[in-house]
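Under the heading phosphoserine, Swiss-Prot lists SER28, citing similarity to another entry as support. The feature transmembrane segment is assigned by Swiss-Prot to 56-76, 82-102, 130-150, 179-199, 206-226, 240-260, 283-303, 320-340, 372-392, 396-416, 429-449, with sequence analysis given as support.
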Amino acid sequence: MAQVSINRDLGEWGLSTDSGERARLLQSPSVDIAPKSEGEAPPGGVGGGTTSTLGAIFIVVNACLGAGLLNFPAAFSTAGGVAAGITLQMAMLVFIISGLVILAYCSQASNERTYQEVVWAVCGKLTGVLCEVAIATYTFGTCIAFLIIIGDQQDKIIAVMAKEPEGPGGSPWYTDRKFTISLTAFLFILPLSIPREIGFQKYASFLSVVGTWYVTAIIIIKYIWPDKEMTPADILNRPASWIAVFNAMPTICFGFQCHVSSVPVFNSMRQPEVKTWGGVVTAAMVIALAVYMGTGICGFLTFGDAVDPDVLLSYPSEDMAVAVARAFIILSVLTSYPILHFCGRAVIEGLWLRYQGMPVEEDVGRERRRRVLQTLVWFLLTLLLALFIPDIGKVISVIGGLAACFIFVFPGLCLIQAKLSEMEEVKPASWWAMVSYGVLLVTLGAFIFGQTTANAIFVDLLA
């Protein structure tokens with residue numbers, strides 16, 4: 001096997017080990033990785049973690065499944081029906097799995113343990129900064145989507161509890177959507193977001209898994225045994241245009257994006273080997289595919305092209321089984337928002353400390369003031385935007401393009417740089433194939449990012 005000469009000296013990339021940029025981000029709630037030491041064995045050696053292969057599959061599935069599930073029936077409608085939606089997901093799955101394997105390979109080569117650290121080490125300073133900015137933006141947008149989801153589910157629950165018709169007009173002020181979102185956010189989300197450390201991640205992980213599987217089960221059951229008042233609208237059989245198919249890309253990328261948290265999972269395994277990891281992510285993505293397809297197909301066929309961007313909004317408020325699903329989603333989002341905010345705040349903190357040239361070991365008072373200020377600004381901005389953005393589809397259409405960067409662009413760049421760093425005088429055909437595949441990933445990811453972002457700006461946000 002060719003020797004890989006990826007530079008592991010942080011100074012050569014213009015980094016400083018005391019500037020905070022090495023913060024661990026988006027680590028899975030179930031992953032526990034000991035800090036690296038100077039003489040530690042690289043991943044794949046005897047210094048592996050404690051996670052079994054089966055445990056790694058569960059963690060990756062958990063990282064993959066989330067709030068994007070609610071938008072999949074609408075994505076099938078956008079793509080042009082069941083056949084187009086299935087074809088698009090199956091085609092994307094190949095690239096999604098390969099991106100996860102590439103990240104594991106580059107993690108071994110660079111001896112780094114988180115997504116952004118791998119990008120920093122393999123691709124250099126500029127790409128590393130872009131990656132961190134993308135992570136911060138992505139987590140910010142996801143927090144907005146979480147608040148919108150809370151408002152969506154609360155509207156339906158309050159309509160039943162207050163025994164009043166849904167929609168504007170005639171409702172008491174305390175049932176107003178903006179008031180209920182703000183009250184919930186200030187009472188629950190803000191206090192959970194301020195602490196320096198997050199110790200409840202395992203509970204959020206459990207709630208997310210239970211809520212996701214329950215929502216999927218309810219949607220499938222409601223399709224098989226529909227209520228009398230639920231009649232589907234037009235069922236599309238083909239896409240209106242090829243552009244319509246690509247408009248479903250953001251939801252798929254947002255739904256399957258687990259790449260940022262995959263690197264810590266890989267390094268937490270007892271035997272962190274690329275071959276074993278390939279089996280782990282293949283099994284995990286097949287499970288996630290089954291969940292997303294079940295939700296997307298049954299939700300779309302139940303409501304047709306009239307399905308809401310949040311599929312649970314399409315069901316009657318009085319349906320108790322769906323009401324339980326809404327409660328699960330709210331609880332899951334309430335605990336997931338602080339985790340995503342923590343990840344985004346860690347990136348911003350690292351960028352700020354690096355820019356200022358400040359050491360991590362500063363006095364506690366300054367760190368606390370800066371943390372509270374960062375949290376308040378983040379919280380208020382996401383809340384303000386969530387109050388005026390009507391549905392999660394518009395948010396996902398924007399951050400889905402960033403998810404494509406995590407799935408395609410950064411892994412592609414890492415693969416190219418890793419292969420270019422191999423010290424071989426004669427490049428075999430496999431070397432050229434890998435470089436070409438990396439170029440394909442970058443090109444495809446850049447196209448998806450550009451097309452979906454432009455569409456989101458000119459069609460969704462400016463409409």
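The backbone N, Cα and C atoms fix where each Cβ goes, and this holds for glycine too.
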>> Is it true that the transmembrane segment (372-392) and the transmembrane segment (130-150) have 3 or more CB pairs under 8 Å, sequence gap of 6 or more?
In response: yes
>> Cβ under 8 Å, sequence separation of at least 6 from the ends of the transmembrane segment (130-150): give me the contacting residues as numbers and ranges.
In response: 21, 25-26, 67, 70, 115-116, 119-120, 123, 181, 184-185, 189, 260, 310, 329-330, 333-334, 336-337, 340-341, 343-344, 347-348, 350-351, 378, 381-383, 385-386, 389, 391-392, 395-396, 398-399, 402-403, 405-406, 410
> Where else in the chain does the transmembrane segment (240-260) make close Cβ contacts, counting only residues six or more beyond its ends and a cut-off under 8 Å?
Replying inline: 25-26, 60, 63-66, 68-69, 71-72, 74-76, 78-80, 84-85, 88-89, 92-93, 96, 99-100, 103, 115-116, 135, 138, 284-285, 288, 292, 396-401, 403-404, 406-407, 410-411, 448, 451-452, 455-456
> Going through 56-76, 179-199, 283-303, 396-416 one by one, which has the most CB pairs that fall under 8 Å from the transmembrane segment (206-226)?
Replying inline: 283-303
> Who are the long-range neighbours of the transmembrane segment (396-416) in its own chain, taking Cβ under 8 Å and residues 6 or more past its ends?
Replying inline: 68, 71, 95-96, 98-100, 102-103, 105-106, 115, 118-119, 122-123, 127, 131, 134, 137-138, 141-142, 145, 247, 249-254, 256-257, 259-260, 309, 434-435, 437-442, 444-446, 448-450, 452-453, 455-457, 460-461
